[in-house]
Amino acid sequence: MARGQPRRSEEQWTALQNRTECKTKIKLTRCGKITLGILTAVLAAVLIGLIAYFAACGKDSFYYHVSFKVNNIDYDSKFAKPYSQEYMDLNKRIVSLMNETFHESKLRKQYVKAHTVQVSKAKGKVVIHAVLKFKACYRNNVEKYWESVETTLYQKLKGQTGLLIDSSSFKFSDIAMPIAEDLLNTCCGRRTIIHRGHKVAGGQDAEEGEWPWQASLQQNSVHRCGATLISNYWLITAAHCFIRAANPKDWKVSFGFLLSKPQAPRAVKNIIIHENYSYPAHDNDIAVVRLSSPVLYESNIRRACLPEATQKFPPNSDVVVTGWGTLKSDGDSPNILQKGKVKIIDNKTCNSGKAYGGMITPGMMCAGFLKGRVDACQGDSGGPLVSEDSKGIWFLAGIVSWGDECALPNKPGVYTRVTYYRDWITSKTGL
C-alpha cells in the first residue's frame with residue numbers, strides 16, 4: 001500500500017494540473033476571441049476601404065479636352081499630318097508637359113494619359129488640342145474634380161514650361177467617353193498588339209487588335225473581300241470585288257479578327273470604282289467605299305496611314321498581308337484573320353520571263369517570295385499590304401489584286417500600288 005500513496009498524490013497533481021490547464025485554455029480562448037475580433041474589425045475596415053476606393057475610383061474614367069495657343073511655335077503644314085516627324089515631335093513635347101504637370105500634383109494617382117489629337121493654326125502660330133484621361137474619382141463631386149484638373153493644368157501652363165502659352169486662348173471642357181476614346185485612338189498606323197510572327201497561304205492566325213484597320217466586305221452577309229480603313233468614313237479596296245455587284249445596298253462592312261463575331265457592322269453608302277478599271281484587265285484595280293455612318297476608333301478599330309505619292313517602299317523590305325482568304329488554292333476560308341510577312345519584289349524581277357513576263361505595270365507592285373511559301377489567296381482581294389516605318393507606324397503600301405494561284409514558285413502576289421493612285425484617292429475622299 002505504501003506505493004499507493006504517491007499514486008494518490010499523483011492523481012491529485014494530475015487533477016490540479018488539468019484544472020490549471022483548463023483555466024489557461026479558457027483564458028487563451030478569451031484572448032483569442034479578443035484577437036480575432038480585432039483582426040475581423042481590421043479586415044472589415046480594409047474591405048470597406050477597398051470597396052469605397054473602387055466605388056470612387058472604378059473602371060470608369062473622366063475625359064477632358066484642352067486647347068491653347070503657343071506663341072513661340074510657328075505653324076507648319078506638316079503639323080496637319082499626324083504621322084509626320086514634326087507632328088510626333090510636337091506631340092511628344094506636349095505629352096511630356098502634361099505628364100510632368102500631373103505626376104507632380106495631387107492628381108498623380110488618378111492621371112492616366114494625354115495625347116495631342118489635333119494641331120490647328122491661329123495667326124501663324126500653333127493651337128494644341130489634347131485629350132486627357134483620368135481615373136474616375138470623386139464621383140459625388142464631379143465639378144470639384146473638374147475644377148481641380150483645370151486649375152492644376154492652367155497654373156502649370158502659366159509658368160515656365162519652355163512654351164509661351166497664350167493664357168487667353170486656354171479652353172477646358174469635359175468630353176464624353178466614346179468621343180474621347182475615338183480621339184485618343186485617331187492616330188493612323190498605330191496598334192496596341194505587337195506581332196509575334198507572321199505566316200495567309202502559308203500564313204498564321206492573327207491576334208485580336210493586331211491589324212485594327214482590316215475590314216471585311218460582305219455581300220449578302222457572306223465575306224467576299226478585304227478592305228482597309230483609311231478614315232472613320234472611308235475604306236479602300238480592289239475594284240474587281242464589285243464586278244458582279246456594285247450596288248451599295250448589297251454590301252455590309254464589319255471589323256474584328258473573327259468573321260463569326262463581327263464588330264462595328266456598317267452599311268455601305270457609296271462605292272466608287274476607278275473610272276479606267278475594266279475587267280478582266282488588272283490595271284486600275286482600286287475602289288473606295290464610304291460607310292453609311294462613321295466608326296469610332298478604339299483599340300481594335302483604327303485606320304492605316306495613307307502614304308504620300310512620293311513615299312518609297314524599297315525592294316526586299318518586309319511587308320505584311322492580311323485577310324480571310326483561303327489558305328490554299330480552292331481551299332476553305334478561315335474564321336480567324338490570317339497574316340503573312342512577305343518581301344517586296346522589284347517590278348523588273350517580277351516582270352521576268354520566269355515570273356509574269358511583262359504583265360506588271362507601274363500601278364502594280366509584287367510581294368512574296370520567288371520560292372513561294374507565303375502569299376495572298378482567294379478572299380484576300382482588296383485587303384491591305386502594309387509596311388512599318390522606323391517609328392513603328394504602319395502605311396498602306398498595296399491592295400491585294402491578283403496572282404497566278406497561291407504561293408507558287410516565281411508567282412508572287414500582285415498588288416495595286418497605293419502611291420501610284422494617291423492623287424486619285426484624294427480626289428474621291430479628300431484624304
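Positions of Cβ are set from backbone N, Cα and C atoms, glycine also.
His240 (active site, charge relay system) has a Cβ environment of 22 other Cβ atoms inside 10 Å. Taken from Swiss-Prot, the feature active site, charge relay system applies to His240 (among others), supported by sequence analysis.
For the recorded site, Asp285 (active site, charge relay system), the DSSP three-state label reads coil. Within 10 Å of the Cβ of Asp285 (active site, charge relay system) there are 27 other Cβ atoms, across all protein chains. The active site, charge relay system annotation in Swiss-Prot covers Asp285 (among others) and rests on sequence analysis.
The DSSP secondary structure for Ser381 (active site, charge relay system) is coil. In sequence order, Cys225, Gly226, Thr237, Ala238, His240, Cys241, Gly323, Gly325, Val400, Ser401 make up the list of same-chain residues 6 or more apart from Ser381 (active site, charge relay system) whose Cβ falls under 8 Å from its Cβ. According to Swiss-Prot, the feature active site, charge relay system maps to Ser381 (among others), an assignment based on sequence analysis.
The number of other Cβ atoms within 10 Å of the Cβ belonging to Cys225 (disulfide bond), over all protein chains shown, comes to 26. A strand conformation is recorded for Cys225 (disulfide bond) in the three-state DSSP classification. As annotated by Swiss-Prot, disulfide bond applies to Cys225-Cys241 (among others), with the evidence given as sequence analysis.
According to Swiss-Prot, the feature disulfide bond maps to Cys350-Cys366 (among others). In the three-state DSSP assignment, the secondary structure recorded for Cys350 (disulfide bond) is helix. Using a 10 Å radius centred on the Cβ of Cys350 (disulfide bond) and all shown protein chains, the other Cβ atoms total 27.
According to its DSSP assignment, Cys406 (disulfide bond) is coil. If you look up Swiss-Prot, you'll see Cys377-Cys406 (among others) marked as disulfide bond.
For 60-177, the entry in Swiss-Prot reads domain 'SEA'.
The annotation domain 'Peptidase S1' is assigned in Swiss-Prot to 200-430 on the grounds of sequence analysis.
Among the features that Swiss-Prot reports, N-linked glycosylation site is placed at Asn99 (among others), with the record citing sequence analysis. The 10 Å shell around the Cβ of Asn99 (N-linked glycosylation site) contains 14 further Cβ atoms across the protein chains shown.
In three-state terms derived from DSSP, Asn276 (N-linked glycosylation site) belongs to neither a helical nor a strand segment and is classed as coil. What Swiss-Prot lists as N-linked glycosylation site is Asn276 (among others).
The N-linked glycosylation site feature in Swiss-Prot is assigned to Asn347 (among others).
Here the topological domain 'Cytoplasmic' (1-33) has a mean pLDDT of 43 out of 100. Annotation source Swiss-Prot lists topological domain 'Cytoplasmic' at 1-33, citing a curator's inference.
Per Swiss-Prot, topological domain 'Extracellular' is recorded for 55-431.
According to Swiss-Prot, the feature transmembrane segment maps to 34-54, an assignment based on sequence analysis.
Closest to Asn276 (N-linked glycosylation site) in space, going by CA atoms and restricting to the recorded positions Asn99, Asp285, Asn347, Cys350, is Asp285. Asn347 (N-linked glycosylation site) counts 17 other C-beta atoms within 10 Å of its own C-beta, drawing on all protein chains shown. When the CA atoms are compared, no recorded positions among the candidates Asn99, Asp285, Cys406 lie within 10 A of Cys366 (disulfide bond).
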